[in-house]
Every structure is written in structure tokens, then in C-alpha cells.
């Protein structure tokens with residue numbers, strides 16, 4: 001597969017995206033089978049609803065990552081990163097704008113992470129409390145999912161700046177590893193009887209890989 005992709009002239013950055021998507025598709029198919037086998041009908045309802053509620057983070061994010069990537073790319077075109085000195089070299093005004101963008105991204109995504117904990121977490125708790133009669137232990141899994149999702153979205157600020165700075169190959173490589181680790185975690189948790197905790201696999205793997 002790798003040789004075929006190289007023969008087609010696909011560069012490393014795109015290669016990592018392709019491998020990541022393949023891993024995600026294969027893992028997704030395996031998870032569908034494991035979920036139906038290891039979770040009750042009620043637990044399956046919680047599993048898929050967990051993911052739907054967490055998707056509310058998109059409302060808070062509002063496509064800001066794309067904007068950050070574009071602005072970081074614009075400023076970095078006049079700058080250069082010195083790996084030996086671990087410093088950014090270039091015009092002072094471009095450097096200041098670049099650093100200001102980075103600080104803004106950090107602050108904004110910190111606010112988003114906090115909103116997820118303070119708004120999405122409680123909303124989910126109230127919603128799922130209505131269904132407690134089903135006898136599915138969901139509280140611990142929901143708490144974990146809320147926390148790791150918040151931290152994971154905070155890391156988007158750093159990744160967006162890095163991607164806009166030209167580190168696309170490195171970011172895509174880490175995302176591929178995230179997909180692989182998420183699949184391993186989700187499968188392991190489902191097989192081990194920690195069904196609903198598997199919903200946190202993607203966020204946990206992102207926290208591990210990108211931290």
C-alpha cells in the first residue's frame with residue numbers, strides 16, 4: 001500500500017491523512033460489531049448519544065481553527081523557525097503578530113474548553129439523568145468524556161498554529177497515530193467490559209499523542 005501511494009506521487013502529509021482515514025474506517029467497522037455484541041440495547045443508546053452531545057463542541061469552536069491556520073500561514077511566510085536555537089527569526093512586526101495570534105488561540109480555546117465543562121457537561125448530566133431508570137451506569141463515563149474532550153479541544157489551538165506554520169506533515173502524522181491509538185483503546189475498553197468509557201477513546205488518544 002505504501003509503495004503504491006509513493007508511486008502515485010502522494011507526499012508524506014497526504015499519505016498520513018490517507019492511512020489515518022483507512023485506520024478510522026477499519027476501526028469504525030470493528031467497533032460497530034463489538035458495540036452490538038458487548039453492549040445492551042440501552043447501553044448502545046447511551047454510547048451513541050454521548051457522541052452526539054459532545055458534538056456540541058462544534059457550536060463553540062465556530063471554525064476558528066481554520067481561521068487560525070490561515071493567519072498563522074500568512075505570518076509564517078515572512079518568518080523562519082530556527083530549530084537549533086528554538087526561536088522564530090524574521091521581521092519584528094510579523095513575529096509579534098504571529099506570537100499574538102498564538103496567545104489569542106490559547107486563550108480562546110481555553111475559554112471553549114471551560115464552556116464545555118461548565119455547559120455541555122451539566123446539560124448532558126441533566127439529559128441522561130432523565131433515563132436513569134434504564135439501569136446503565138453512565139456517570140463516570142460521562143464525566144471522563146467531558147473532561148478529556150475539553151482538554152483535547154484546548155490542544156486544537158496549538159495544532160492549528162503548528163499546521164499554519166508549515167508543520168502539516170507532523171500534525172497529520174500525529175493524527176494518524178491518534179486514530180490508531182483511539183482504535184486500540186476503544187476496542188480494549190469494550191472487550192474489557194468498560195463499554196461507555198470507550199466513547200472517550202478519541203479524546204484520550206489525542207491528549208496522549210498531542211501533549
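Any Cβ shown, glycine's included, is placed from N, Cα and C.
Listed features, source TrEMBL:
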type     : residues : note
TRANSMEM : 16-35    : transmembrane segment
TRANSMEM : 47-72    : transmembrane segment
TRANSMEM : 106-128  : transmembrane segment
TRANSMEM : 140-159  : transmembrane segment
TRANSMEM : 180-210  : transmembrane segment
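Of the two recorded stretches, the transmembrane segment (180-210) does not lie close to the transmembrane segment (106-128), with fewer than three CB pairs under 8 Å once pairs fewer than 6 apart in sequence are set aside. Sequence-distant neighbours of the transmembrane segment (140-159) (same chain, 6+ residues past either end, Cβ-Cβ under 8 Å): 46, 50, 54, 57, 60-61, 65, 68, 105-106, 108-110, 112-114, 116-117, 120-121, 124-125, 128, 171, 174, 194-197, 199-200, 202-204, 206-207, 210-211.
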